[in-house]
Number of protein chains: 2
Amino acid sequence: MWVFEETLADGSLLTKTINERHENTKYLPGYSIPENVIADPCLRSTVADADLLVFVLPHQFLRTISRQITGVLKPGARAISLIKGLDTQGNDIRLITDVIRETCLPAPASPGAEVVPMSVSALSGANVAHEVAAGQFCETTIGYHHTTSLSEALVWKALFNTPVFRVSCVPDLAGVELCGALKNVVALAAGFSDGMNQGGNTKAAVMRIGLLEIRDFAARFYRGIRHETFFESCGMADLITSCVGGRNWKVAREHAATGQDLASLEQTMLNGQKLQGILTAEEVYNFLSARGLLHSYPLFTAVHRICIGEIKASDMLKHI
Amino acid sequence: MWVFEETLADGSLLTKTINERHENTKYLPGYSIPENVIADPCLRSTVADADLLVFVLPHQFLRTISRQITGVLKPGARAISLIKGLDTQGNDIRLITDVIRETCLPAPASPGAEVVPMSVSALSGANVAHEVAAGQFCETTIGYHHTTSLSEALVWKALFNTPVFRVSCVPDLAGVELCGALKNVVALAAGFSDGMNQGGNTKAAVMRIGLLEIRDFAARFYRGIRHETFFESCGMADLITSCVGGRNWKVAREHAATGQDLASLEQTMLNGQKLQGILTAEEVYNFLSARGLLHSYPLFTAVHRICIGEIKASDMLKHI
């Protein structure tokens, strides 16, 4: 496994610590990593012989790493993305799996042969990392491209499925990815609702309206979307975990309850890290605005307008 | 509005208090009732001239009141049920709206003419009463029979819809009713999960599996079921409010956390009132058992077996 090398507080290297202690002491302390998993700081050597590539990284680094590995990958290698987010270029929204497919190219099968892009799937679900690491029962969804066969997904299912990490496969790659990214916007809305001291009825309504906007957005702009996907772990279940906890929900709740602006809350509550939901809400807003479709997504629109201070969180319900 | 007459602690009559104070001081204290709503202790005089009948009562009293009003109702009157529950006769499960249709008969339009049963719809959603009374924003779902036209439901929508009580209509009466009744079984499962200190992943998985069992149960045994119904307020939204609060969830959580048996908890936490979810779980278990289909509904089955002490709450996840 490639690990971005860091020097820890005690002066040791992160990869060395992982390989000696079989624990990621910085990012997931307290949980052991199997001994057959080796942390390697060299990206190219890690990926060169891999048949199966699992992408797990903050999506803003994706294009940097793709530049390093393209042409090094084995012909016939496949990839799966565990990244939750979207890639934007101007007012356009791209799926992370599309970016991987286009920018992480295998070597040609023989010198001069055509380069065949990788098959890329996605995994998303109600999978809070430390609960998964603790072995608590959960489900997840693997989305594979609607034009490929189930056998593509079954390779990944064989790799990930366990009795306490239950995998379902759906031929709806875009649906699975969009759920993972857009649920953060809905989590902000749920946080605003809770911060306003609205009860369970209102919060459930906000979550439901949010899920329908995710579904509508997916069906309008992507191919192969299936309604069934939104009943999977990547859909309603991930939405639930994100809206009853998680960073987006928590910071949004604090904003609505105290009136402190979101940027300051990112400073105090997240040490300056940016909230994924705020970024995604802006990307979706720009995308919809450029197409004259803001009115069809009142909740997404209201969340962005609250994030930029254009309307108050307490007015959200008037706008959805 | 008919109100079952009671003598309050101060010796006054409940109907008289409601009509004088415009407040139900016993069952919904603190919220005013519009002055044009008159509490009447006489059932027959209340219903005799009604064009629209709204049924809101604990379902175990339904057959008693139907005996009093059948034949008194106006020809052409319509009904809507706000009752959440099922009616059982032996191992058979009946919808409350079917019981209303069959047992609450109008008078014939003219002497000797055939009696035409009422059209009966159902309303269900994430509608915790005191939050609705407080004017908090919420949604609800009106289900009308799949063989009737939307105009039937629009009469009810005109009656109930407000800017903060947003009504959707679906031609799936059985789906709406079954969501309202069966979600209580899932709320018990969610409570067991929380009582075992499982995290958000596990609870979301339990809720999702529960919703799919509700949907599967509905589609297998009833006509006119639409997948879309489970995305409505009566479906996922009501499930969410029930699984993050509510009596079933709370008592089940206490049981799993402390090991106290459910009957004692009903005594101490609910003054001896019976939990709807426990009754429904038993009814569903008997219904499925008689048809040899328990294996298709592992969560419903596990909940009942926990309720009767056959398996432990801590073993629930092994069974679903």
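Just so you know, glycine gets a Cβ as well, placed from its N, Cα and C.
Pulled from TrEMBL:
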| type | residues | note |
| --- | --- | --- |
| DOMAIN | B:1-147 | domain 'Glycerol-3-phosphate dehydrogenase NAD-dependent N-terminal' |
| BINDING | B:F4, B:F61, B:A129, B:R247, B:K274, B:Q276 | NAD(+) binding site |
| BINDING | B:K84, B:R247, B:N248 | substrate binding site |
| DOMAIN | B:172-317 | domain 'Glycerol-3-phosphate dehydrogenase NAD-dependent C-terminal' |
| ACT_SITE | B:K183 | active site, proton acceptor |
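Using a 10 Å radius centred on the Cβ of B:R247 (NAD(+) binding site) and all shown protein chains, the other Cβ atoms total 18. In this structure the residues listed as binding NAD(+) are B:F4, B:F61, B:A129, B:R247, B:K274, B:Q276; their two most distant Cα atoms lie 23 Å apart. Across the residues annotated as binding substrate (B:K84, B:R247, B:N248), the widest Cα-Cα separation comes to 14 Å. Annotation: B:K183 carries the greatest number of neighbouring Cβ atoms among the recorded positions B:K84, B:K183, B:K274 [cut-off 10 Å, Cβ to Cβ]. The Cβ centroid of B:K84, B:R247, B:N248 marks the substrate site; residues of that chain outside this set whose Cβ lies within 8 Å of it are B:N184, B:A187, B:S242, B:G246, B:L275, B:Q276, B:G277, given in sequence order. With the fewest other Cβ atoms inside 10 Å of its Cβ, the least crowded of the binding-site residues B:N248, B:Q276 in this structure is B:Q276.
Candidate recorded positions: B:K84, B:K183, B:N248. Nearest to B:F61 (NAD(+) binding site) by Cα distance: B:K84. Cα of B:R247 (NAD(+) binding site) to Cα of B:K183 (active site, proton acceptor): a distance of 12 Å.
Distance noted between the C-alpha atoms of B:K274 (NAD(+) binding site) and B:N248 (substrate binding site) is 10 Å. Separation of the C-alpha atoms of B:F4 (NAD(+) binding site) and B:N248 (substrate binding site): 25 Å, rounded to the nearest whole number. Rounded to a whole number, the distance between the Cα atoms of B:Q276 (NAD(+) binding site) and B:K84 (substrate binding site) is 9 Å. Under DSSP, B:N248 (substrate binding site) is assigned to a helix (H, G or I) in the three-state scheme. Taking Cα separation as the measure, B:N248 (substrate binding site) is nearest to B:Q276 of the recorded positions B:A129, B:K183, B:Q276. For the domain 'Glycerol-3-phosphate dehydrogenase NAD-dependent N-terminal' (B:1-147), residue counts in helix, strand and coil come to 38 helix, 36 strand, 73 coil, using DSSP. Between the CA atoms of the residue listed as 'active site, proton acceptor' and B:Q276 (NAD(+) binding site) there is a gap of 10 Å. Cβ contacts within 10 Å of B:A129 (NAD(+) binding site), excluding its own Cβ and spanning all protein chains shown: 12.
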